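J.: After the C-alpha cells below, expect a handful of questions from me.
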Amino acid sequence: MLDLTGKNAFVTGIANNRSIAWGIAQQLHKAGANIGVNYLPDEKGRFKKKVTELVEPLNPSIIVPCDVQDDELLDSMFATIEEKWGKIDILVHCLAFADREDLTGDFSATSRAGFAKALDISSYSLNCLAVRAKPLMKEGGSIVTLSYLGGVKVIPNYNVMGVAKSALEMSVRYLAAELGQDNIRVNAISAGPIRTLASSAVGGILDMIRHVEETAPLRRTVTQTEVGNTAAFLCSDLASGITGQVIYVDSGYEIMGM
Ligand SMILES: NC(=O)c1ccc[n+]([C@@H]2O[C@H](COP(=O)([O-])OP(=O)(O)OC[C@H]3O[C@@H](n4cnc5c(N)ncnc54)[C@H](O)[C@@H]3O)[C@@H](O)[C@H]2O)c1
C-alpha cells in the first residue's frame, strides 16, 4: 500500500551513514521514489565525496551542493530540480546546526550571533526550502522536517537548539495552514535521540540515549530506519489527511512523566 513509485523525493541533510536523512532516503527509495540529495559544500569537498559514494546504490538523479544560509545555492538547487524533474512531490528537511559551545552549559550564555545562526540554519531554512518547493509541487506534495522533544520540554544542554526546534515546529503549523490549499502537507517527526554527527555536539548525548533506554515504554531508542519508515508513511497517500502535525518516533518516551 505504501507506494511512492513515480514520485520525486528530494532529501536534504545527508552527511554520512549515521544521518537520519540517510535512513529516510533509503526508505523513500525502497518505496519506489526517485531520489535527489544535497551535500553541504566544504573547502576540501569531503561531504561531496562521502555523500556521492554513500547514495550511489539509490541511483540519485540529483546530487547538488547547498548551504541553506546561501540564497544563491538554494536558488540553483531548485533550478536543478526543476530542470531535471519538472516537478517535486516530496521534500525532506533534515538538517540543523548550532555552535558546539551553545550546546552545553548555561542557555543564558548563548551569544546573539550563536542564537541567530542556530535559528537561521535549523528553523528558517524550512521556510527557504518550502517557498522554493511550492511552485514545483504542481500536483501537491509532502514536506517533512525533523524535530526533537527539546523543542517543547527542557532537555539539559539542548539549549538554543530547543528554541530552534520550537520555532521549527511552529513554522510547520504556519506553513501547513498556508500551503494546504495547494494540497501540500507539512509535518514534523520528533525523533528520539540517535548517535549522529549533529547529536554528538550536544553535551551528554550518550546519557540522553541511556536514559531513554531505561525509561521509554519500548525500553530502547529508535533507529534511522524507523524514522525513515514514518517519513515514507507521511509522504505517501496513506497520510493524505495529515498535515501540521508533530509525530513522535521516540519509543514512546514523550508520554512519560517520570
Ligand atoms: N540525532 C538525533 O538524536 C536527533 C533527534 C531528533 C531530531 N534530530 C534532527 O535530525 C536532523 C538531522 O540530524 P542528524 O542527527 O541526522 O545529524 P547529521 O549530522 O547527520 O545531519 C545534520 C545535517 O545538517 C547539515 N547542515 C548543517 N548546516 C547546514 C547548512 N548551513 N546548510 C545545509 N545543511 C547543513 C549537515 O551537513 C548534515 O548533513 C536535524 O534536524 C536534527 O536536529 C536529530
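Cβ atoms here come from the backbone N, Cα and C positions, even for glycine.
What TrEMBL shows for this protein is this:
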type: ACT_SITE; residues: Tyr148; note: active site, proton acceptor
type: ACT_SITE; residues: Tyr158; note: active site, proton acceptor
type: BINDING; residues: Gly13, Ser19, Ile20, Asp67, Val68, Leu95, Lys165, Ile194, Arg195, Thr196, Leu197, Ala198; note: NAD(+) binding site
type: BINDING; residues: Ala98; note: substrate binding site
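Give me the local environment of each listed feature.
T.: The local packing around Tyr148 (active site, proton acceptor), expressed as other Cβ atoms within 10 Å of its Cβ over all shown chains, amounts to 27.
Around the Cβ of Tyr158 (active site, proton acceptor), the same chain contributes Leu103, Tyr148, Gly150, Val202, each under 8 angstroms and 6 or more positions distant in sequence.
A C-beta separation below 8 Å, combined with a sequence spacing of at least six in one chain, links Val68 (NAD(+) binding site) to Thr12, Leu74, Leu95, Asp120, Ile121, Ser125, Cys128, Leu129.
Around the Cβ of Ala98 (substrate binding site), 25 further Cβ atoms fall within 10 Å across all displayed protein chains.
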J.: Give the distance between the Cα atoms of Leu197 (NAD(+) binding site) and Ala98 (substrate binding site), rounded to the nearest whole Å.
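T.: Cα of Leu197 (NAD(+) binding site) to Cα of Ala98 (substrate binding site) measures 12 Å after rounding.
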J.: Do you know offhand how many angstrom separate Lys165 (NAD(+) binding site) and Ala98 (substrate binding site) by C-alpha?
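T.: Given the Cα positions, Lys165 (NAD(+) binding site) is 11 Å from Ala98 (substrate binding site).
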J.: Might you list, by sequence position, any residue in that chain lying six or more from Arg195 (NAD(+) binding site) with a Cβ less than 8 Å away from its Cβ?
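T.: Counting only residues 6 or more apart in sequence, the Cβ neighbours of Arg195 (NAD(+) binding site) under 8 Å are Arg18, Ile205, Leu206, Ile209.
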J.: From the binding-site residues listed here (Gly13, Val68, Ala98, Arg195), select those whose CB sits under 6 A from an atom of ligand 1.
T.: Gly13, Val68
